[in-house]
Amino acid sequence: MDKVRRFFANTLHLGGSSDAKEEVKVEKVIPDLSFDGFAEHWRVHGFRKIVTMVGAGISTSAGIPDFRSPGSGLYSNLKKYELPHPTAIFDLDYFEKNPAPFFALAKELYPGSFIPTPAHYFIRLLNDKGLLQRHYTQNIDTLDRLTGLPEDKIIEAHGSFHTNHCIKCRKEYDMDWMKAEIFADRLPKCQKCQGVVKPDIVFFGENLPKRFYSSPEEDFQDCDLLIIMGTSLEVQPFASLVWRPGPRCIRLLINRDAVGQASCVLFMDPNTRSLLFDKPNNTRDVAFLGDCDAGVMALAKALGWDQELQQLITSERKKLSGSQNSEELQQGKEKPQSDPDKMTSGDRDKKDASL
């Protein structure tokens, strides 16, 4: 009974004497769990097996909105699609009845219109150094792939635009085919059965990819650092990844907001469940609360990697810029001259502005 009393008094802060609090000794994985202390530990001692898990927050500086930010988030800006509720745009039942709003949004967010951020390239740098075990992402924007990160290192928990399937016969279509259909403002229809072709994005009511369930056991077995960036940790089962590493694995949060601090009442072992970076019983959690790009740049500087990271960003973006320019030129050759009688008012405004 004393053990139970001490647990609730010290871990859950639900009462108990000050003497009981003193009885619990917190053994930290590293002596200093501040961001600077963590960075110094990494610089001196290093890590061997790093897992990253990210959300929309690492892509916002690329111009892609996150989902839940009031006013600027994706769900706050869907009124023009006249949806029954904001999340309907990713609802499978609604999509089957009315796919047009999703494809209108897809045109705005389609991969190829954006370039990876410093946070994306930091993950690529981890892989280049042989430190990255696996990269788990909630994002559907494929920016991870654009950095040159190997496909086998990436688990797109919520799918992506990279592959596409007919929702009726399951015939597969590649990304280039889907892009051509979307940007021609055509509803993507299967050439075999005329069913609607949907990107392999996980909608509400669909299962996550098999690799999401089969990989964590191996990935987290000897993981000594979990880096969490740009995610609200509100969507399950993705958020449950923070529970997977053992108690000696350090968990680093780089995020605008403090997240992952679920009520300990829900979990009998809060040291493996909630992030405790601001709690007195914290043993292994570290936080950088701010912009994701600023966080990785600060970390790279502390590790002496800042020049290397900047060189990687510059060289890879130059490659992407050349590739995109080439694609635009090719599209320009194939695109007929605009018919003034068929131009929208927006097209005319753009043309007038260029004169």
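Using N, Cα and C of the backbone, Cβ positions are placed for all residues, glycine too.
Now, the feature entries from Swiss-Prot:
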ACT_SITE  His158  active site, proton acceptor
BINDING   55-75, 138-141, 230-232, 255-257, Cys292  NAD(+) binding site
BINDING   Cys166, Cys169, Cys190, Cys193  Zn(2+) binding site
COMPBIAS  330-355  compositional bias 'Basic and acidic residues'
DOMAIN    28-306  domain 'Deacetylase sirtuin-type'
REGION    316-355  region 'Disordered'
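Neighbouring residues of the recorded Zn(2+) site, listed in sequence order and excluding Cys166, Cys169, Cys190, Cys193, comprise Ile167, Lys168, Arg170, Lys171, Gln191, Lys192, Gln194, Gly195, Val197 (Cβ within 8 Å of the Cβ centroid). For Gly63 (NAD(+) binding site), the same-chain residues 6+ apart in sequence whose C-beta sits under 8 angstroms from its C-beta are Ser113, Phe114. Neighbour density at the Cβ, taken as the number of other Cβ atoms within 10 Å, is lowest among the binding-site residues Cys166, Cys169, Cys190 for Cys169. Between the C-alpha atoms of Ser59 (NAD(+) binding site) and Cys190 (Zn(2+) binding site), the distance comes to 31 Å. For the residue listed as 'active site, proton acceptor', the same-chain residues 6+ apart in sequence whose C-beta sits under 8 angstroms from its C-beta are Thr137, Gln138, Asn139, Ile140, Ile201, Val202, Leu208, Phe238. Put simply, Gly55 (NAD(+) binding site) is 31 Å from Cys190 (Zn(2+) binding site) when counted between their Cα atoms.
Here the candidates are the binding-site residues Gly55, Asp141, Asn255. The one whose C-alpha lies nearest to that of Cys193 (Zn(2+) binding site) is Asp141. The CA atom of Gly55 (NAD(+) binding site) is located 31 Å away from the CA atom of Cys169 (Zn(2+) binding site).
Mean pLDDT for the domain 'Deacetylase sirtuin-type' (28-306) in this predicted model: 90.
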